[in-house]
Every structure is written in structure tokens, then in C-alpha cells.
Amino acid sequence: MSLSLPRRWPLDPFITALLLTVVAASLFPARDAFAHGVTGLQTAAVALLFFLYGARLSPREALDGLRQWRLHGLVFAVTFVLFPLLGLAASLLEPSILGPQLYQGVLFLCLLPSTVQSSIAFTSIARGNVAAAVCSATFSNLAGIVVTPLLAAVLLNATHGGGDFARQILDVVLQLLVPFVGGQLARRWIVGWMGRHRKVLTLVDRGSILIVVYGAFSEGVVGGIWGQLAPSRLAGLLLVNMLLLAAVLAATSYASRRLGFSREERITIVFCGSKKSLATGVPMASVLFAGPAVGVM
């Protein structure tokens, strides 16, 4: 989705599109029959996203990258151990700063895998080990397809109750894992075509995410999401996210230095370990959570 923006527009076009989608859902939320149609589109968009993720991932490159297992192990530990622990610690702020729904969103954020594109881009700009960043971020996303839903089912149910664990896992398998495996199986026949049409596939990726965001916020608006979120809560959310990022940046920098990694590897660890994937988180939230809660997530 190409946006015609001023040359000095401060935001990335995709972030701008996301904000406009939230505004559109707030002003014109999907209702009744249209809402059912959007729900169907959401399901198809999520399946398509994970099919494309599977088709893009080269198993050989992922296996070759495992030779740097210490680096990948540290990024994995930060992503799926340290971040969730920090998310659980943030429960102390729930009554006074966040509130139950926003805290659930923060905890879910802490369970997500690293983002691939941004991790690689920032590592490249800082002159880190780009090859290791590619492998580490890819491995994080691959593991996240299984680890994130399991952590979400266990930790979110444990902290706030409710939710059908078996149903959540079945939804993940059918809507995320099956399309991903299908993409892996189809990779040999379509990878060349995908390489020739990267711009089109980028639009498909981003358009799919926008559909999911519109549907999620529509449900939230219909359920009265904006009436439940005071400006002070949103300010608290911003503060908590800033503290989380600062804590992880400090932890990854300190740990990578103490463990004797090279400067290039330390850069990779800091950027791959400190990021969370919007592209993975939005569709996962739409599968794992129902109703207005998805918009808050």
C-alpha cells in the first residue's frame, strides 16, 4: 500500500498506514454483516501471511546459521525468557498504571519473537554481523510460531484466567502452523516467482496486517475500547514500554560483553534481542484472543 507522503514526512509509510487504519476503524468500525466479512478476511490474511513466511524461509540457511549457537542461544534467552520475566514483573504496575487489559497487552508483547527486517536493518547500519542477524531473527520467528502461543496460553491464563488452552493450541496449529508448513512444502516451486515479485509480496504482507488491525480495532471500538482507556493509562503504557526497552538494551549489552562476544556480534545481539515483531504479533493476537480484547492487544 503505497502512500503519497511529503518528502520530509517523519514516519515510515507503513506506520502511517497503521495509524490511518486505526483511525478508520475508530470512525467506521465494521458492524453486523460487514463485520462477519472482515472476520473472514482476517482469517484468510493470517493464513496467507504465515504461508508466505514459510515459503520465504530457507531451511539450509537456517541450519548453516546454527553454527553460531552461543549468539542465537543468548538472543533466544532474551526473547523468550528475560522478556517474559520482565512482563510478569510489570504486573506490579497493573493496578496503578496500566489496568488489566493494557497489562495483558504488555505481557503478550513480551512473549513475541524478534522482528526480522528491522533487526537486520539496524544491525547493518551499526556495522554488526548481518549474517548472524539474519539467522538469529529467522530462528526467533520460527521458534515463536510454537513458543509464543504456548507462553501466551500458560502465562496469560495464569495471570488473568479464562481461555480454552486446547482450543487456543488448535487454532494456532490450523491458522498459523499448517499454512507455515504449507509454505515450506511449496517453497521449491514458488521461491523463484517470489524473488521476482518482492514488491508485490511486500504489499500483500502489509495489506494483510492492515486488514487484521482494522478488524481487531473494529471489534474494540464496537466493544467500547476508547471509553475504557484513559489518557493517563496510555501515558503509563508508553512509560512501561520505554522502561522495558531500556532494561533489555542494558541487559543485552552487558551480557554480550561479559560473555566475550566480538563488537559485531554484540551489535547483533542487542538489536535482535531488543525487538518484537508487529508482523507476527498482530495475526497471532487475532488467533489467540477474541472480542474487543484484541484491539487492546
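Numbering starts at 1 and runs along the chain as displayed.
Keep in mind that glycine also has a Cβ here, set from the backbone N, Cα and C atoms.
TrEMBL: automatically predicted annotations, no manual curation.
Annotated in TrEMBL:
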type	residues	note
TRANSMEM	9-28	transmembrane segment
TRANSMEM	34-53	transmembrane segment
TRANSMEM	74-93	transmembrane segment
TRANSMEM	105-123	transmembrane segment
TRANSMEM	130-156	transmembrane segment
TRANSMEM	168-186	transmembrane segment
TRANSMEM	207-229	transmembrane segment
TRANSMEM	235-256	transmembrane segment
TRANSMEM	277-296	transmembrane segment
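Within the same chain, the transmembrane segment (105-123) packs against the transmembrane segment (235-256): three or more Cβ pairs sit under 8 Å, each pair at least 6 residues apart. Within the same chain, residues 74, 78, 82-83, 86-87, 90, 93, 97-98, 102, 105-106, 109-110, 265-266, 269-270, 273-274 sit at least 6 positions outside the transmembrane segment (235-256) and bring their C-beta atoms closer than 8 Å to a C-beta of that stretch.
With respect to Cβ pairs under 8 Å, the transmembrane segment (130-156) is most closely packed against 74-93, considering the stretches 9-28, 34-53, 74-93, 168-186, 207-229. Beyond its flanks by at least six residues, the transmembrane segment (168-186) meets 43, 46-57, 59, 145-146, 149-150, 152-153, 283-284, 287-288 of its own chain at Cβ-Cβ distances under 8 Å.
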